[in-house]
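Going by Swiss-Prot, these are the annotated features:
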type	residues	note
REGION	1-27	region 'Disordered'
BINDING	84, 85, 92, 122, 168, 169, 173, 195, 196, 197, 200	CTP binding site
BINDING	122, 151	phosphocholine binding site
REGION	309-369	region 'Disordered'
MOD_RES	315	phosphoserine
MOD_RES	319	phosphoserine
COMPBIAS	319-339	compositional bias 'Low complexity'
MOD_RES	322	phosphoserine
MOD_RES	323	phosphoserine
MOD_RES	329	phosphoserine
MOD_RES	331	phosphoserine
MOD_RES	345	phosphothreonine
MOD_RES	346	phosphoserine
MOD_RES	349	phosphoserine
MOD_RES	350	phosphoserine
COMPBIAS	351-362	compositional bias 'Low complexity'
MOD_RES	355	phosphoserine
MOD_RES	362	phosphoserine
(Lines of atoms letter the chains of each structure in order from A and count residues from 1; the text may use other names and numbers.)
(Lines give C-alpha, C1' and ligand atoms only; values in the text may rest on other atoms or scores of the structure.)
Protein backbone atom coordinates (compact mmCIF):
# COMPACT_ATOMS: atom_id res chain seq x y z
CA UNK A 1 0.00 0.00 0.00
CA UNK A 2 1.44 3.44 -0.84
CA UNK A 3 2.72 5.58 1.98
CA UNK A 4 1.01 8.95 2.19
CA UNK A 5 2.67 11.93 3.83
CA UNK A 6 1.53 15.49 4.23
CA UNK A 7 4.32 16.64 1.93
CA UNK A 8 3.03 14.63 -1.02
CA UNK A 9 0.14 16.87 -2.02
CA UNK A 10 -0.98 18.23 -5.34
CA UNK A 11 -1.61 21.89 -6.03
CA UNK A 12 -5.21 21.45 -4.91
CA UNK A 13 -4.24 20.03 -1.52
CA UNK A 14 -5.31 16.46 -2.30
CA UNK A 15 -2.60 13.98 -1.15
CA UNK A 16 -0.86 11.88 -3.77
CA UNK A 17 0.67 8.42 -3.47
CA UNK A 18 4.45 8.46 -3.26
CA UNK A 19 5.05 4.81 -4.07
CA UNK A 20 3.33 1.49 -4.41
CA UNK A 21 5.49 -0.23 -1.79
CA UNK A 22 3.56 -1.63 1.15
CA UNK A 23 4.03 0.04 4.52
CA UNK A 24 5.71 -1.65 7.45
CA UNK A 25 2.32 -2.35 9.01
CA UNK A 26 -0.27 -4.15 6.89
CA UNK A 27 -3.95 -3.25 6.70
CA UNK A 28 -5.01 -6.52 8.31
CA UNK A 29 -3.28 -5.46 11.54
CA UNK A 30 -5.34 -2.27 11.83
CA UNK A 31 -8.89 -2.57 13.09
CA UNK A 32 -11.42 -0.61 11.08
CA UNK A 33 -14.96 0.30 12.09
CA UNK A 34 -16.03 1.80 8.77
CA UNK A 35 -19.68 1.23 7.75
CA UNK A 36 -20.10 -1.93 5.74
CA UNK A 37 -21.96 -2.26 2.44
CA UNK A 38 -25.64 -3.00 2.75
CA UNK A 39 -26.35 -6.70 2.97
CA UNK A 40 -30.13 -6.31 2.87
CA UNK A 41 -32.47 -4.30 0.70
CA UNK A 42 -35.37 -4.20 3.13
CA UNK A 43 -34.50 -0.66 4.28
CA UNK A 44 -33.40 2.49 2.45
CA UNK A 45 -29.82 3.69 2.49
CA UNK A 46 -28.96 5.98 5.44
CA UNK A 47 -27.98 9.63 5.23
CA UNK A 48 -24.35 10.49 5.90
CA UNK A 49 -25.21 13.05 8.59
CA UNK A 50 -27.17 10.38 10.46
CA UNK A 51 -24.57 7.59 10.31
CA UNK A 52 -21.21 8.96 9.27
CA UNK A 53 -17.96 7.03 9.42
CA UNK A 54 -16.64 7.11 12.99
CA UNK A 55 -13.65 4.87 12.32
CA UNK A 56 -10.57 6.01 14.27
CA UNK A 57 -8.08 3.91 12.31
CA UNK A 58 -5.78 5.73 9.89
CA UNK A 59 -7.31 5.90 6.42
CA UNK A 60 -4.48 5.00 4.07
CA UNK A 61 -4.87 5.92 0.45
CA UNK A 62 -5.29 3.16 -2.10
CA UNK A 63 -4.24 2.87 -5.68
CA UNK A 64 -6.66 1.61 -8.29
CA UNK A 65 -4.60 -1.57 -8.69
CA UNK A 66 -4.74 -2.28 -4.97
CA UNK A 67 -8.46 -1.62 -4.81
CA UNK A 68 -9.08 -4.00 -7.69
CA UNK A 69 -7.08 -6.75 -6.00
CA UNK A 70 -9.40 -6.56 -3.01
CA UNK A 71 -9.34 -5.20 0.51
CA UNK A 72 -10.17 -6.67 3.92
CA UNK A 73 -13.81 -7.02 4.77
CA UNK A 74 -13.64 -4.34 7.45
CA UNK A 75 -11.90 -1.93 5.04
CA UNK A 76 -14.14 -1.43 2.00
CA UNK A 77 -13.11 0.88 -0.80
CA UNK A 78 -15.13 4.09 -0.34
CA UNK A 79 -16.30 5.26 -3.77
CA UNK A 80 -18.04 8.60 -4.22
CA UNK A 81 -20.44 9.60 -7.00
CA UNK A 82 -22.36 12.86 -7.15
CA UNK A 83 -24.99 14.50 -9.28
CA UNK A 84 -28.36 16.22 -9.42
CA UNK A 85 -30.40 13.06 -10.08
CA UNK A 86 -33.52 14.95 -11.15
CA UNK A 87 -36.26 12.64 -12.45
CA UNK A 88 -34.22 9.59 -11.42
CA UNK A 89 -34.10 7.22 -14.40
CA UNK A 90 -32.31 4.13 -15.66
CA UNK A 91 -29.28 6.15 -16.83
CA UNK A 92 -28.66 7.26 -13.26
CA UNK A 93 -29.13 3.71 -11.96
CA UNK A 94 -26.67 2.27 -14.49
CA UNK A 95 -24.03 4.86 -13.58
CA UNK A 96 -24.40 3.99 -9.90
CA UNK A 97 -24.25 0.29 -10.70
CA UNK A 98 -20.93 0.82 -12.49
CA UNK A 99 -19.58 2.81 -9.55
CA UNK A 100 -20.66 0.12 -7.11
CA UNK A 101 -19.04 -2.70 -9.09
CA UNK A 102 -15.71 -0.99 -9.81
CA UNK A 103 -14.01 -2.95 -7.02
CA UNK A 104 -14.71 -6.27 -5.28
CA UNK A 105 -15.32 -4.68 -1.88
CA UNK A 106 -16.75 -1.20 -2.31
CA UNK A 107 -18.89 1.19 -0.28
CA UNK A 108 -20.80 3.64 -2.49
CA UNK A 109 -21.48 7.14 -1.21
CA UNK A 110 -23.72 9.32 -3.39
CA UNK A 111 -23.74 13.08 -3.04
CA UNK A 112 -26.83 15.02 -4.09
CA UNK A 113 -26.65 18.78 -4.58
CA UNK A 114 -29.21 21.04 -2.95
CA UNK A 115 -31.79 23.12 -4.77
CA UNK A 116 -29.88 26.37 -4.19
CA UNK A 117 -26.68 25.09 -5.78
CA UNK A 118 -28.49 23.37 -8.63
CA UNK A 119 -30.63 26.39 -9.51
CA UNK A 120 -27.55 28.60 -9.35
CA UNK A 121 -25.19 26.56 -11.53
CA UNK A 122 -27.42 24.37 -13.69
CA UNK A 123 -31.05 25.48 -13.67
CA UNK A 124 -34.46 24.74 -12.29
CA UNK A 125 -35.31 21.15 -11.38
CA UNK A 126 -38.58 19.25 -11.65
CA UNK A 127 -38.13 17.51 -8.29
CA UNK A 128 -37.12 19.31 -5.14
CA UNK A 129 -34.10 18.29 -3.09
CA UNK A 130 -36.07 16.18 -0.60
CA UNK A 131 -37.60 14.13 -3.42
CA UNK A 132 -34.21 13.66 -5.04
CA UNK A 133 -32.66 12.55 -1.76
CA UNK A 134 -35.36 9.95 -1.25
CA UNK A 135 -35.02 8.67 -4.82
CA UNK A 136 -31.33 7.92 -4.19
CA UNK A 137 -31.98 6.27 -0.83
CA UNK A 138 -34.13 3.64 -2.50
CA UNK A 139 -31.60 2.68 -5.19
CA UNK A 140 -30.20 -0.79 -4.50
CA UNK A 141 -26.59 0.16 -5.35
CA UNK A 142 -26.36 3.08 -2.89
CA UNK A 143 -24.91 2.49 0.59
CA UNK A 144 -25.05 6.07 1.87
CA UNK A 145 -26.52 9.40 0.71
CA UNK A 146 -24.80 12.73 1.34
CA UNK A 147 -27.25 15.62 1.37
CA UNK A 148 -26.28 19.11 0.22
CA UNK A 149 -23.16 17.87 -1.55
CA UNK A 150 -20.67 20.51 -2.76
CA UNK A 151 -20.56 21.51 -6.42
CA UNK A 152 -16.76 21.19 -6.48
CA UNK A 153 -15.04 18.61 -4.30
CA UNK A 154 -12.63 20.02 -1.75
CA UNK A 155 -9.86 18.23 0.18
CA UNK A 156 -11.78 18.82 3.39
CA UNK A 157 -14.86 17.11 2.00
CA UNK A 158 -12.83 14.13 0.76
CA UNK A 159 -11.07 13.82 4.10
CA UNK A 160 -14.28 14.16 6.10
CA UNK A 161 -15.99 11.30 4.31
CA UNK A 162 -12.76 9.29 3.82
CA UNK A 163 -13.32 9.00 0.08
CA UNK A 164 -10.90 6.79 -1.85
CA UNK A 165 -12.13 7.30 -5.42
CA UNK A 166 -14.59 9.45 -7.33
CA UNK A 167 -16.65 7.80 -10.07
CA UNK A 168 -18.12 9.80 -12.94
CA UNK A 169 -18.20 9.74 -16.73
CA UNK A 170 -15.02 10.94 -18.40
CA UNK A 171 -16.64 13.80 -20.32
CA UNK A 172 -15.30 17.15 -19.03
CA UNK A 173 -17.99 18.82 -16.91
CA UNK A 174 -17.65 22.56 -17.29
CA UNK A 175 -19.38 24.57 -14.59
CA UNK A 176 -18.81 27.12 -11.85
CA UNK A 177 -16.14 28.91 -13.92
CA UNK A 178 -14.13 25.73 -14.53
CA UNK A 179 -13.58 23.77 -17.70
CA UNK A 180 -13.75 20.53 -15.74
CA UNK A 181 -14.84 20.35 -12.09
CA UNK A 182 -13.14 16.94 -11.78
CA UNK A 183 -9.78 18.06 -13.14
CA UNK A 184 -8.04 18.16 -9.75
CA UNK A 185 -9.52 14.74 -8.87
CA UNK A 186 -8.06 13.28 -12.06
CA UNK A 187 -4.67 14.81 -11.32
CA UNK A 188 -4.70 13.24 -7.87
CA UNK A 189 -5.30 9.77 -9.34
CA UNK A 190 -8.63 9.39 -7.57
CA UNK A 191 -10.89 9.53 -10.62
CA UNK A 192 -12.44 6.33 -12.01
CA UNK A 193 -14.45 6.78 -15.24
CA UNK A 194 -17.86 5.27 -15.90
CA UNK A 195 -19.86 5.06 -19.12
CA UNK A 196 -22.89 7.20 -19.87
CA UNK A 197 -26.10 5.53 -21.00
CA UNK A 198 -26.98 6.91 -24.40
CA UNK A 199 -30.57 7.71 -25.33
CA UNK A 200 -31.87 8.75 -21.92
CA UNK A 201 -31.28 11.75 -19.70
CA UNK A 202 -33.27 14.18 -17.58
CA UNK A 203 -33.10 16.77 -20.36
CA UNK A 204 -34.47 14.24 -22.86
CA UNK A 205 -37.42 13.44 -20.59
CA UNK A 206 -38.21 17.13 -20.10
CA UNK A 207 -37.94 17.66 -23.86
CA UNK A 208 -40.54 14.95 -24.47
CA UNK A 209 -42.92 16.58 -21.99
CA UNK A 210 -42.45 20.04 -23.49
CA UNK A 211 -42.83 18.71 -27.02
CA UNK A 212 -46.12 17.00 -26.18
CA UNK A 213 -47.30 19.63 -23.73
CA UNK A 214 -50.87 19.75 -25.05
CA UNK A 215 -51.23 15.99 -24.77
CA UNK A 216 -50.10 15.91 -21.14
CA UNK A 217 -52.17 18.99 -20.23
CA UNK A 218 -55.30 17.35 -21.65
CA UNK A 219 -54.38 14.11 -19.89
CA UNK A 220 -54.12 15.80 -16.49
CA UNK A 221 -57.29 17.83 -17.02
CA UNK A 222 -59.08 14.60 -17.78
CA UNK A 223 -57.69 13.09 -14.57
CA UNK A 224 -59.13 15.82 -12.38
CA UNK A 225 -56.45 18.51 -12.23
CA UNK A 226 -57.69 22.10 -12.46
CA UNK A 227 -56.56 24.67 -14.99
CA UNK A 228 -55.04 26.69 -12.16
CA UNK A 229 -52.91 23.77 -11.02
CA UNK A 230 -51.70 23.25 -14.59
CA UNK A 231 -51.21 26.98 -15.20
CA UNK A 232 -53.53 26.80 -18.20
CA UNK A 233 -55.61 29.75 -19.38
CA UNK A 234 -59.41 29.66 -19.52
CA UNK A 235 -59.48 29.49 -23.33
CA UNK A 236 -56.91 26.70 -23.48
CA UNK A 237 -58.80 24.79 -20.82
CA UNK A 238 -62.00 24.90 -22.89
CA UNK A 239 -60.02 23.97 -25.99
CA UNK A 240 -58.45 20.98 -24.27
CA UNK A 241 -61.77 19.80 -22.87
CA UNK A 242 -63.37 20.11 -26.31
CA UNK A 243 -60.49 18.12 -27.80
CA UNK A 244 -61.00 15.47 -25.13
CA UNK A 245 -64.68 15.20 -26.09
CA UNK A 246 -63.74 14.94 -29.76
CA UNK A 247 -61.24 12.20 -28.95
CA UNK A 248 -63.89 10.33 -26.98
CA UNK A 249 -66.27 10.51 -29.94
CA UNK A 250 -63.53 9.31 -32.25
CA UNK A 251 -62.80 6.45 -29.90
CA UNK A 252 -66.47 5.49 -29.80
CA UNK A 253 -66.73 5.63 -33.60
CA UNK A 254 -63.57 3.57 -33.85
CA UNK A 255 -64.97 1.01 -31.44
CA UNK A 256 -68.23 0.85 -33.40
CA UNK A 257 -66.31 0.39 -36.64
CA UNK A 258 -64.22 -2.38 -35.13
CA UNK A 259 -67.29 -4.11 -33.75
CA UNK A 260 -69.12 -3.76 -37.05
CA UNK A 261 -66.13 -5.20 -38.86
CA UNK A 262 -66.04 -8.09 -36.43
CA UNK A 263 -69.78 -8.64 -36.94
CA UNK A 264 -69.42 -8.55 -40.72
CA UNK A 265 -66.51 -10.97 -40.54
CA UNK A 266 -68.53 -13.33 -38.38
CA UNK A 267 -71.51 -13.12 -40.74
CA UNK A 268 -69.25 -13.78 -43.71
CA UNK A 269 -67.72 -16.77 -41.97
CA UNK A 270 -71.13 -18.15 -41.04
CA UNK A 271 -72.52 -17.51 -44.54
CA UNK A 272 -69.49 -19.22 -46.02
CA UNK A 273 -70.08 -22.19 -43.73
CA UNK A 274 -73.78 -22.25 -44.64
CA UNK A 275 -72.99 -22.12 -48.35
CA UNK A 276 -70.55 -25.00 -47.99
CA UNK A 277 -73.09 -27.03 -46.05
CA UNK A 278 -75.78 -26.22 -48.62
CA UNK A 279 -73.50 -27.29 -51.45
CA UNK A 280 -72.73 -30.53 -49.64
CA UNK A 281 -76.42 -31.20 -49.00
CA UNK A 282 -77.35 -30.33 -52.58
CA UNK A 283 -74.68 -32.68 -53.96
CA UNK A 284 -75.90 -35.38 -51.62
CA UNK A 285 -79.52 -34.80 -52.69
CA UNK A 286 -78.65 -34.90 -56.39
CA UNK A 287 -76.65 -38.08 -55.91
CA UNK A 288 -79.52 -39.76 -54.05
CA UNK A 289 -82.01 -38.61 -56.69
CA UNK A 290 -79.88 -40.03 -59.49
CA UNK A 291 -79.52 -43.31 -57.61
CA UNK A 292 -83.32 -43.58 -57.45
CA UNK A 293 -84.51 -42.02 -60.71
CA UNK A 294 -81.48 -42.12 -62.98
CA UNK A 295 -81.20 -44.22 -66.16
CA UNK A 296 -79.89 -47.15 -64.13
CA UNK A 297 -81.55 -46.15 -60.90
CA UNK A 298 -83.21 -48.38 -58.36
CA UNK A 299 -86.70 -47.03 -59.16
CA UNK A 300 -86.47 -48.01 -62.81
CA UNK A 301 -85.20 -51.50 -61.97
CA UNK A 302 -88.01 -51.98 -59.47
CA UNK A 303 -90.60 -50.78 -61.98
CA UNK A 304 -89.26 -53.14 -64.63
CA UNK A 305 -89.35 -56.08 -62.20
CA UNK A 306 -92.92 -55.36 -61.16
CA UNK A 307 -94.11 -54.80 -64.70
CA UNK A 308 -92.57 -58.10 -65.79
CA UNK A 309 -94.26 -59.88 -62.89
CA UNK A 310 -97.63 -58.38 -63.82
CA UNK A 311 -97.20 -59.42 -67.43
CA UNK A 312 -96.36 -62.95 -66.36
CA UNK A 313 -99.41 -63.06 -64.12
CA UNK A 314 -101.75 -61.77 -66.82
CA UNK A 315 -100.41 -63.90 -69.69
CA UNK A 316 -98.76 -67.14 -68.47
CA UNK A 317 -96.73 -69.16 -70.94
CA UNK A 318 -98.63 -72.00 -72.88
CA UNK A 319 -97.43 -75.59 -72.53
CA UNK A 320 -95.87 -77.07 -75.71
CA UNK A 321 -98.11 -79.26 -78.06
CA UNK A 322 -97.54 -83.03 -77.60
CA UNK A 323 -96.08 -84.98 -80.52
CA UNK A 324 -98.34 -87.59 -82.41
CA UNK A 325 -96.06 -90.48 -81.44
CA UNK A 326 -96.42 -89.71 -77.67
CA UNK A 327 -98.80 -92.19 -76.02
CA UNK A 328 -101.59 -90.81 -73.99
CA UNK A 329 -101.71 -91.38 -70.29
CA UNK A 330 -104.06 -94.31 -69.40
CA UNK A 331 -105.39 -92.46 -66.39
CA UNK A 332 -106.85 -89.79 -68.50
CA UNK A 333 -109.77 -90.36 -70.82
CA UNK A 334 -109.56 -88.87 -74.22
CA UNK A 335 -111.23 -85.57 -74.45
CA UNK A 336 -114.56 -85.91 -76.30
CA UNK A 337 -114.80 -84.62 -79.77
CA UNK A 338 -117.40 -82.00 -80.16
CA UNK A 339 -119.14 -81.67 -83.48
CA UNK A 340 -120.72 -78.49 -84.44
CA UNK A 341 -124.36 -79.21 -84.83
CA UNK A 342 -126.61 -76.79 -86.55
CA UNK A 343 -128.99 -74.91 -84.39
CA UNK A 344 -132.44 -76.41 -84.84
CA UNK A 345 -134.17 -73.21 -84.19
CA UNK A 346 -132.20 -71.32 -86.79
CA UNK A 347 -132.83 -72.54 -90.37
CA UNK A 348 -129.98 -72.64 -92.79
CA UNK A 349 -129.28 -69.48 -94.53
CA UNK A 350 -129.19 -71.17 -97.95
CA UNK A 351 -129.78 -74.61 -99.56
CA UNK A 352 -126.06 -74.93 -100.26
CA UNK A 353 -125.16 -74.37 -96.68
CA UNK A 354 -127.69 -76.94 -95.54
CA UNK A 355 -126.41 -79.55 -97.88
CA UNK A 356 -122.84 -78.84 -96.79
CA UNK A 357 -123.67 -79.29 -93.15
CA UNK A 358 -125.53 -82.55 -93.81
CA UNK A 359 -122.62 -83.93 -95.75
CA UNK A 360 -120.19 -83.03 -92.96
CA UNK A 361 -122.37 -84.76 -90.42
CA UNK A 362 -122.61 -87.89 -92.51
CA UNK A 363 -118.87 -87.99 -92.87
CA UNK A 364 -118.46 -87.70 -89.19
CA UNK A 365 -120.78 -90.63 -88.58
CA UNK A 366 -118.86 -92.75 -90.97
CA UNK A 367 -115.61 -92.00 -89.18
CA UNK A 368 -117.05 -93.07 -85.86
CA UNK A 369 -118.18 -96.39 -87.39
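Each residue, glycine too, has its Cβ placed from N, Cα and C.
Given the structure is predicted, the values throughout are model-derived calculations rather than measurements.
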Q.
The record lists 84, 85, 92, 122, 168, 169, 173, 195, 196, 197, 200 as binding CTP. What's the largest Cα to Cα distance among them, in Å, rounded to a whole number?
A. 21
Q.
If you compare CA-to-CA distances from residue 200 (CTP binding site) to each of the recorded positions 122, 151, 315, which comes out shortest?
A. 122
Q. Do any of 122, 151, 315 (recorded positions) have a CA within 10 A of residue 173 (CTP binding site), and if so which?
A. none
Q. Roughly how many Å separate the Cα of residue 122 (phosphocholine binding site) from that of residue 92 (CTP binding site), to the nearest whole number?
A. 17
**Q.** Sequence-distant neighbours of residue 84 (CTP binding site) in its chain (C-beta under 8 A, six or more apart)
**A.** 112, 113, 118, 122, 125, 132, 202
